[in-house]
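The S-adenosyl-L-methionine binding site annotation in TrEMBL covers A:Glu119, A:Asp147, A:Asp163.
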Protein chains: 4
Amino acid sequence: MLLLFEDGSEFLIDLEKDKKMHTHLGVIDLNEVLEKETGDIIRTSSGKKGYILKPRLIDEIMNMKRRTQIVYPKDSSFIVMMLDVKEGDRVIDTGVGSGAMCAVLARAAGSSGKVFAYERREEFAKLAQSNLTKWGLVERVTIKVRDISEGFDEKDVDALFLDVPDPWNYLDRCWEALKGGGRFATVCPTTNQVQETLKRLYELPFVKVEVWESLFRPYKPVPERLRPVDRMVAHTTYMIFATKVCRKEEI
Amino acid sequence: MLLLFEDGSEFLIDLEKDKKMHTHLGVIDLNEVLEKETGDIIRTSSGKKGYILKPRLIDEIMNMKRRTQIVYPKDSSFIVMMLDVKEGDRVIDTGVGSGAMCAVLARAAGSSGKVFAYERREEFAKLAQSNLTKWGLVERVTIKVRDISEGFDEKDVDALFLDVPDPWNYLDRCWEALKGGGRFATVCPTTNQVQETLKRLYELPFVKVEVWESLFRPYKPVPERLRPVDRMVAHTTYMIFATKVCRKEEI
Amino acid sequence: MLLLFEDGSEFLIDLEKDKKMHTHLGVIDLNEVLEKETGDIIRTSSGKKGYILKPRLIDEIMNMKRRTQIVYPKDSSFIVMMLDVKEGDRVIDTGVGSGAMCAVLARAAGSSGKVFAYERREEFAKLAQSNLTKWGLVERVTIKVRDISEGFDEKDVDALFLDVPDPWNYLDRCWEALKGGGRFATVCPTTNQVQETLKRLYELPFVKVEVWESLFRPYKPVPERLRPVDRMVAHTTYMIFATKVCRKEEI
Amino acid sequence: MLLLFEDGSEFLIDLEKDKKMHTHLGVIDLNEVLEKETGDIIRTSSGKKGYILKPRLIDEIMNMKRRTQIVYPKDSSFIVMMLDVKEGDRVIDTGVGSGAMCAVLARAAGSSGKVFAYERREEFAKLAQSNLTKWGLVERVTIKVRDISEGFDEKDVDALFLDVPDPWNYLDRCWEALKGGGRFATVCPTTNQVQETLKRLYELPFVKVEVWESLFRPYKPVPERLRPVDRMVAHTTYMIFATKVCRKEEI
């Protein structure tokens, strides 16, 4: 559950019987949490008031153990919409990293869909497996520990998401795995990577090539003094999109 | 299908046998489109080359007949993630308008989920019904022609999206319909509306109140001259989020 | 002078003979700085290399002792251009605060121009006086310790900059002080203040009313990995501009 | 003068006796404008109300005849502040183009300062000369029709602004012309140009290398419905700044 206190502290916890949690706001008796409903009030030993909430996938992602840079929810939600992932889709995700994007794709593909998740490094594959299990999405995902320069096992996938430092080296492999009209997306933090990726993209039968970046600005939610916060995220990544066509020239 | 030509023109068409379509690029023989695969090349009567693509939901939304301001995909994808809508969820959407947001919610709720869509104006309800039918999502949606000041029929919904000019007048009704821990979102184009909505939100048992806006900036995808485009969307709407708790004070 | 070291540390110092400065990079002998030219290299006692530079006005402003929120240079440079302040202009600045905006206005008005600077609080007037003296601009400025609700002494000023928490209460006084066609600017951190100010502005003979905000995004200046920094300033202030006309209705 | 009408139309005109101006709002009698004061009301032959205003430099620049891309005022005001140009400064501007940036630099340098303006193309040099004359700034500027690959005549200038498609080819010439601690700025529309410029900058004795971009967002100035406009400028240019030091290594 997610416990939210009035000072804004949030605790994302696994509920266990007869356990107590020690915090700067006092001790929280997890039995009390177990007995109550989502939305109810609890009190710490020092009388601080908290609310019992269910974590969203976005909360899980932002709070998970991670050892890699992740695709931020502001970007991953847009990518999934641009990739048009929907119930029943077959999707490739690579490299998997901590599994954040994989979870977002798996949620969109639904229980009848499938995400084929390629990750070169054993330890990240395990971390992603563990995160996806915790989030109840692991059944929709097949994780393969594999270097993608060998290519993908799947053909005719509906969409493919590529997250590696050198996307330009794998675009032909991505093209091979996609179905005609299939959607491709990749992310690059630097403009140099975007340039290299675009160069290679135009050599392959891809159309509808687009590059985007997003800025999300939070406001101080005070009705009498409504204004943006002082500082915000300036940059996460550039997003590149393309659509596979069968060929560019007629035979 | 979506036909994309090399000058960037896109035509979103309903395929019918033995029909021809007249365009500034020449005549398109729809039989030829029907015989070919997604991703294939077609030619107009004047020899212009086009590609056969499947429209994404985002293409359908941006090209649909609409008589109302819609929630743009850049915002709707973020809202769905903030609302944490997932397979099997029961969600309220109101006012429906042309059905764009309803479609995005229905897609996220999956075939086992349900969207209860309230719309006061008969003609918009019909337009939304027709759009949702075309997009294959109508079975997941129940449209009700109703003024929401009477309240909602449903209780304990997982999430609720409110899109009306005066959100502050319906927040108590929204609170009643949500389950404990349920997620609420609304959109307002002006700062004045945001202020009014926040004032009323704080009078009700809602927590995690957040206000966001998004800026999406496209780039000219030219590898040798990579730069943003000249002009962009400056503003669509402010997004307000909150989570229902059962009460703010203990009894 | 401004001393810049290779780890990015900057020291803004007043040069004095036979003094030493103790820093985390070692001791700096100010006599060495005095003997060298701007642009030269100096060494600390621990051999760290530094460069002798002249501070810009922007460096002085960002490093000064201040007890108030200041108008940031990204905004003040735009305001001066919108106010069209130039050599010989007579300008009112109020409230003065630490004197940052006053300095920018005085620089633009030149040695033949004049800034009439009104500040209600004695201690700020003194601080501004001291800062302007240090920056060599004090001769162009007349500081008056005065509550502006009594109005301004000057008539027919070319431009007026108003920086108070409640601009709407002084707009008639500002109008009186400006010449026909004179330029007005004010800054407000919150949308509520902008709304109040606009309401009152439209009741007076002002035209060309504009509201702007600016976002400045720095990049990591690495040629092989060019990208924006991770975080940036999200908001400083809204800027409101208007031009005085003699009347709105003909007599 | 600048005539502003109630439908928002603006006319930037040279006043001449006994002339009439024909507009979509009716005929304007320039004698009437000549007789009245700045800030006064005039009427067209069809009774439309207008205001007599003085154009700002910003109005002149945005309305001038131009055949080149200009540096926009939102950027040029920031550049002048970053270059720290002030009364009495000696500044180089190249290439001059239509003279917009030259005017902004000349205004900042004051009547005791000097701008040395280099332009390769005769016709642009003439256009700039004509614009600067009209704006009353020509006495502060010396225009030289010259290819800057030969270098600059001046030494020890306080600041230098470079606006050419290939800045990296002239950075050594710029370094030679600047005094120790002198300020350098250049603008590039594409990320590729920024990368090339940075590479060369780091090979020369420059410090404090910074890259910035600015976004200015206007609001609809309606107090009851305050919100940003629908569309805005997405990109003008990247701005690169650096400071000359005498050498990077001690001899």
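Yeah, the Cβs are placed from backbone N, Cα and C, and that goes for glycine too.
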Protein Cβ atoms within 10 Å of A:Glu119 (S-adenosyl-L-methionine binding site), excluding its own: 26
Number of Cβ atoms other than its own within 10 Å, given for A:Asp163 (S-adenosyl-L-methionine binding site): 23
Cβ neighbour count (within 10 Å, all chains shown) around A:Asp147 (S-adenosyl-L-methionine binding site): 11
Site extent for S-adenosyl-L-methionine (largest Cα pair distance over A:Glu119, A:Asp147, A:Asp163, Å): 13
Where A:Glu119 (S-adenosyl-L-methionine binding site) falls in three-state DSSP terms: strand
Chain-mates of A:Glu119, A:Asp147, A:Asp163 with C-beta within 8 Å of site centroid, S-adenosyl-L-methionine: A:Thr94, A:Gly95, A:Val96, A:Gly97, A:Tyr118, A:Arg120, A:Arg121, A:Phe124, A:Arg146, A:Ile148, A:Val164
